[in-house]
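Notes to accompany the following structure.
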């Protein structure tokens, strides 16, 4: 099995390392200038009024800094953060236990918030709006509801699939921030910062070589930095240069556009097996042996953003850029315009 180095998902070891690289305050945070600027205003205003921050929703592809920003919000507000995720909160009682253990002003961070069950969401609505829990006592005709006050808190939700959030839940967030892919300059700066923290000697050209293959994602840039460090140590003099980074990333099968073996497998399946498409998601998932959700949430966003793939009402199609990247000819009778239709 080939290890995937450009997936934005965490491994357990990386979770610990990533925490050490995270900025603690907004002024240290690189990139996302629009979201960062707005957050700074909202945080300063809330602190000035001595109120808890309004509920915040971060959404965007994996690895762009949603968890980091949630921790920064808590740090900037000078409060504690309690972290959990949608799939972990299975029953209303699980959420009630978390909410009743919060202190005034605390941040509750729920990752993958789109995966909360409807029955758990129902408990969350009055908690977000009125800072109360509706507790049902008894059963049947004699059942009654009592309201339990809870501390004022800030809910920070994170999701890769904002479209799956129910409207009532989405409407209760006062601050909604969409996170974008990072530029090469921003990723090079992040790679340089991480290298300093980890005490890794790196040249400017080495930073940019890692950055341009990191798929616009800081988490991937940090992962590639650590793997390139290994090659620099064993195959070089310990310093990450452009040549060392190029050699290492080529050995890891990450090409100069940031595509890895899974991206190539998916794009070449569309080009070679389905004549460029369109092909349905289920058929494509079966053809490459991957889960549909993984294709939609992890693989496709970068390919769509960078013009390698297109979604149409009839399915996925490979774009002209994908054909050029793999040095393939557009099929006879199919114009470049039709690849985008």
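Backbone N, Cα and C atoms are what each Cβ position is placed from, and that goes for glycine too.
The feature region 'Large ATPase domain (RuvB-L)' is assigned by Swiss-Prot to 1-182, with sequence analysis given as support.
Annotated ATP binding site per Swiss-Prot: 21, 22, 63, 66, 67, 68, 129, 130, 131, 172, 182, 219, in sequence order, evidence recorded as sequence analysis. In the three-state DSSP assignment, the secondary structure recorded for residue 182 (ATP binding site) is coil. In sequence order, 31, 32, 64, 190, 216, 217, 218 make up the list of same-chain residues 6 or more apart from residue 182 (ATP binding site) whose Cβ falls under 8 Å from its Cβ.
Close to residue 67 (ATP binding site) in the fold, though at least 6 residues off in sequence, lie 83, 109, 111, 158, each with a CB less than 8 Å from its CB. Taken residue by residue with DSSP, residue 67 (ATP binding site) is part of a helix. What Swiss-Prot lists as Mg(2+) binding site is 67.
Per Swiss-Prot, region 'Small ATPAse domain (RuvB-S)' is recorded for 183-253, and the stated evidence type is sequence analysis.
Taken as a whole, the region 'Head domain (RuvB-H)' (256-341) shows an average pLDDT of 88 in this prediction. According to Swiss-Prot, the feature region 'Head domain (RuvB-H)' maps to 256-341.
Packing around residue 311 (DNA binding site) is summarised by its Cβ count: 14 other Cβ atoms lie within 10 angstroms of its Cβ, all protein chains included. Feature annotation from Swiss-Prot assigns DNA binding site to 311, 316.
Here ATP is bound by 21, 22, 63, 66, 67, 68, 129, 130, 131, 172, 182, 219 per the record. The longest Cα to Cα distance in that group is 37 Å. Closest to residue 316 (DNA binding site) in space, going by CA atoms and restricting to the binding-site residues 21, 129, 131, is 21. Mapped onto DSSP classes, the region 'Head domain (RuvB-H)' (256-341) shows 45 helix, 9 strand, 32 coil. Within 10 Å of its Cβ, the residue among the binding-site residues 21, 63, 129, 316 with the fewest other Cβ atoms is 129. In this structure the C-alpha atoms belonging to residue 129 (ATP binding site) and residue 311 (DNA binding site) are separated by 38 Å. Taken residue by residue with DSSP, residue 131 (ATP binding site) is part of neither helix nor strand, so it is coil. Same-chain residues at least 6 positions away in sequence with a Cβ under 8 Å from that of residue 131 (ATP binding site) are, in sequence order, 149, 150, 151, 152, 153.
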